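Taken from Swiss-Prot as is:
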type	residues	note
CARBOHYD	W34	C-linked glycosylation site
ACT_SITE	H42	active site, proton acceptor
DISULFID	C50-C110	disulfide bond
MOD_RES	Y60	3'-nitrotyrosine
DISULFID	C64-C122	disulfide bond
DISULFID	C82-C137	disulfide bond
DISULFID	C89-C98	disulfide bond
ACT_SITE	H155	active site, proton donor
Amino acid sequence: MVPKLFTSPICLLLLLGLMGVEGSLHAKPGQFTWAQWFEIQHINMTSGQCTNAMLVINNYQRRCKNQNTFLLTTFADVVHVCGNPSMPCPSNTSLNNCHHSGVQVPLIHCNLTTPSQNISNCKYTQTTANKFYIVACNNSDPVRDPPQYPVVPVHLDRVI
């Protein structure tokens, strides 16, 4: 007894569940703008150790994120990258709002090594490097983002 593809209620529920999981992996918490969420995820490394720093992000998302990269630079410096020439985004070439950093920055890449349902028990290893990065930038939220930044980073697209 094999369910018919896409007509079975079970297949439909599985498909919707997978779509929901994929959507939630990239969702930002509602209280933040995309720029604020970018800063939390990729600039504000609250601790020098990934396991502790990732706890901040994981608390907002209520799950252990598989990996994350922290750029050891300032938000203002990343905003400045948004002024570099636009290019297609490597992760989605139909988007043309990406910008290459032009200079390497120190960064820390965190990789989940011990997943857990309890986010306090998730453990990460970290790798340090100096690399270029590519960010996607959009117009800022005129009400909630700093007014001195009309264009802001919203997504770390690639580290190279």
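Quick reminder: no glycine exception, Cβ is built from N, Cα and C everywhere.
Locations of recorded Swiss-Prot features on the structure.
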{"residue": "W34", "record": "C-linked glycosylation site", "contacts (Cβ under 8 Å, 6+ apart)": "K28, N138, D141, V152, V154, H155"}
{"residue": "H42", "record": "active site, proton acceptor", "contacts (Cβ under 8 Å, 6+ apart)": "N68, T69, F70, L71, V78, P153, L156"}
{"residue": "C50", "record": "disulfide bond", "contacts (Cβ under 8 Å, 6+ apart)": "N68, I108, C110, N111, Y124, T125, Q126"}
{"residue": "Y60", "record": "3'-nitrotyrosine", "contacts (Cβ under 8 Å, 6+ apart)": "P29, I40"}
{"residue": "C64", "record": "disulfide bond", "contacts (Cβ under 8 Å, 6+ apart)": "M54, N58, L112, P115, S116, I119, C122"}
{"residue": "C82", "record": "disulfide bond", "contacts (Cβ under 8 Å, 6+ apart)": "H99, V135, C137, V151, V152, P153"}
{"residue": "C89", "record": "disulfide bond", "contacts (Cβ under 8 Å, 6+ apart)": "L95, N96, N97, C98, I134, A136, H155, D157"}
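The Cβ of C110 (disulfide bond) has 22 other Cβ atoms within 10 Å, all protein chains considered. Annotation for the disulfide-bonded residues C98, C122: lowest Cβ count within 10 Å of the residue's own Cβ, C122. According to DSSP, C82 (disulfide bond) sits in a coil region rather than a helix or strand.
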